[in-house]
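For reference, the structure discussed in these notes is given below.
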Amino acid sequence: MGSLLMPLLGSVAAKAGDALVTELLRAWGLDKSRRKLERHLAAVQCILLDADAKSRTNPAVRRWMVDLKTAAYQADDVLDDFLYEALRRRAAQIRRRRRRRRATARKVLSYFTTNSPVVFRLSISRKMKDALEMIDELVVEMNNFHFLQHTEAPYVDHPQTHSQVNESEIVGRQDEKEQVVKMLLDHSNHNNGNDNVMVLPIIGMGGIGKTTLAQLVLNDHRMVHHFELVLWVCVSDKFIIMEIIRSIIQVATLNKCDLTEMEALRKELGQVLGKKRYLLVLDDVWNEDGQKWDAMRSLLCSHAGSGSAIIVTSRSDKVASIMGTLPPHQISLLSDDQSWEFFDRNTSGREVERQEEFISVAKNIVDKCKGLPLAIKTIAALLPSKNHNQWFSVLDSDVWKDDILTTTGIVPALRLSYDHLSSEEKICFSFCSIFPKDSPMDKDMLIQLWMANDFIASEVRGQQIFDVLVWRCFLQDVKIQKNPMGRFKDEFFRGPACKVHDLMHDLANFVSGNDCSILQESSSCQEIMQGSTNTCSLQHEVRHLSLDYVSNNTIAAMKKILAPRARTILVRRELEWTKTSLDMGKSLSMTMSKFMSLRALKISSILTHMTNLKHLRYLDCSNSDISALPEGITMFYSLQALKLTGCRKLEKLPEGIRYMLSLRHIFLNGCHSLECMPHGIGQLNSLQTLTDYVIDSDVGRGIDQLKDLNLVGGLSLTKLRKVHSAENAQQGNMSAKHDLKRLSLDWGENIYTWREVEVDTNAEGILEALRPHKRLEVLVLSKYMGAKLPSWMQNSTQLEHISELYLKNCMKCKDLPSLWQLPSLWYLCLDSLDSLTSICVGNDDNDSGESCISPPPFFPKLKTMDLFDMPKLERWHREVAGQVAVVSFPQLKKLKISRCPHAQYAPFA
């Protein structure tokens, strides 16, 4: 168990003990104050667990905790000022040592240094004294409460889990599934020839399993066989018709839909549905406006084939009465026997004690869950990590009878499980309330935001916490991207995403208090401006804010609810921002500049006053129209993550970026206009993610800059034609990058100018020198003009973990030796290989000297293969010993062939 304040106090203590901060404070004669602060923080941390528990029932303790949080944030900002100054001085020393101080650099320094260093020193010293005085007073008050000292239990690792629906783990829904399937099939067959679409509502309280039942129905083989289209759309609390249509189109086509006009969406929907018999699930609907549904239904019915059906899941009976054409299916709670069976299945493999006395206690705990599946599943994830005495503590907890929880609708079992999280796990989970319900959250982004706000110290710890929250059911629907990129790179750098269940989101909202808030619609902004009772408690209290779009209303609301020391602002919709006026942009810029404690900012435009935000750790300006970043951004010495994804007009990065030594992640995917990298990027020795590296022949901008970078995730190397030689390529040290999972190698020339060019033997040597580590999972090779592939691509053990392989515009490549033996390859894309005649090439003779007429299975794990624009491709396997070998693709499910006029037969033959 832990306290939400523990990570904040731990972060302040860590900064007080930081070597750079200590050195600066000692030089300024403030080391005594620093050591006193450390002692106070240590004393407070010892009693924090007891104080947190007593704050639930003691108003005086609750007020003391609020004051402690305020003081901790103040101290954190002061120490960050010292840390920033120490980082600035270190960067200045590097500039001087390298004799690279230019007029532009001196101009940049003026953004953050005051005219008088003496004034700056006096100002920051005064802030330090004020923060220490406030904590002094709180420590005196703390001693009057006589808190008990407790230490937090050490972290215990948990196995990782997955989110796929497994019917064997589901209890008590098979009969209900049969009822729903039978009802839909009967009415679908009976309505054959009728243009009306039947709508079946599935109704029940949150966490009861409405979504699970709909998934079971949707995946039933009878439904898949009966309906021509089977679609799933998560609607949630916003019922926006254009967004629902866009989602239907995207699910049906598996392509992103960027249409913004209703008429264009209507036509596209007509083409997608095409009068086919479809089954559509609208999950988690809250809309009780009949007119909105009438408009939506009209669109769905006008393009429906006879016998089409819609399943709607909702908590609301009114939704059922508005939308339903069939009697609603009221999903039931689990019986006592079903509840125990469900608990038992969800604890299998979790090392639960099976003695009789443990079973008796567990059954009593399960009874308190009252048949609610989500509550039972959460408890099943909690108990295995506890000993016998702690099981009794769970059974006897006051949470089961907490009136506050009852009135807020928080399920006691979920709160109880939350109470048993560690401090770091608690604050990381509560932060998830900044995202709207049913909103997918990128795992890596989440971890970077946790780090930016000092909840955790490293990505490794973030991964551990993410796994625990999934394991304990606080996060769900974790989806690993398994869609191949095809002819594009949109999915190349996309990692796992997750969601928070509605009831868990309610819990996160409850425990975060006023720290986190979401501005979604104009109505909520109007409530804030009018000071309604629902929003008055938010006045200047919110530290983490997300909003749908920028408008005059949202800017005004931000000013009213954000705390002076606000830490996070996320603007989720880039499209709306591009349509805002210049005056609105200036207003937003001025508003943002007042929140100088910001640690994380997401917005699709560079603000004119952004340079004031010197404490930023996370900056996401993705999908912006900028062509260059201001040089002043290089003074963000604390910045850890810089995201510029989809900035298609971005031509260059600031030269001073090499002095931002705290940078750990730079995302440049989709920056197609980027001409070269800034000089000396190899100096960023903390860098873990660099999605794109544009090679140049100038000194300090070549592939050698990657030599000492320990990169993880994905890397795209472009303009490899500017690598001089194989020796130069070896300086990139690609084989030592053990944690790279995805690698793209692109020579970056206009392919149409190369069709008549001779084979590039220099490129062959360069590719040979770019041998990656054996752990690589995805490889893209583009615009390579060598005739043969390197030896490391002919060795199946070197590429034994490769699951996706893309060869594009490799016009001189004649053979694909041994690629057919890759043991893990499930997707292969061959695009514009002008010289390729056959896909599989074997040896003419085996070791015994006999002809290899029946080789091993080709591509033993291959499931999807795309073949495009190969005019010379004739067959799947070259003749061996004068005979055509037998071709076998044992796992192949999908095959696309386009513009391969001489391909003789398919691998299914």
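The backbone N, Cα and C atoms fix where each Cβ goes, glycine too.
Now, the feature entries from TrEMBL:
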DOMAIN    9-96  domain 'Disease resistance N-terminal'
DOMAIN    174-347  domain 'NB-ARC'
DOMAIN    434-508  domain 'Disease resistance protein winged helix'
DOMAIN    703-832  domain 'R13L1/DRL21-like LRR repeat region'
Within the domain 'R13L1/DRL21-like LRR repeat region' (703-832), residues counted as helix, strand or coil by DSSP: 33 helix, 28 strand, 69 coil
The domain 'Disease resistance protein winged helix' (434-508), counted residue by residue under DSSP: helix, strand, coil: 31 helix, 9 strand, 35 coil
DSSP residue counts for the domain 'Disease resistance N-terminal' (9-96), split into helix, strand and coil: 79 helix, 0 strand, 9 coil
Per-region confidence, the domain 'Disease resistance protein winged helix' (434-508) (mean pLDDT, whole number): 84
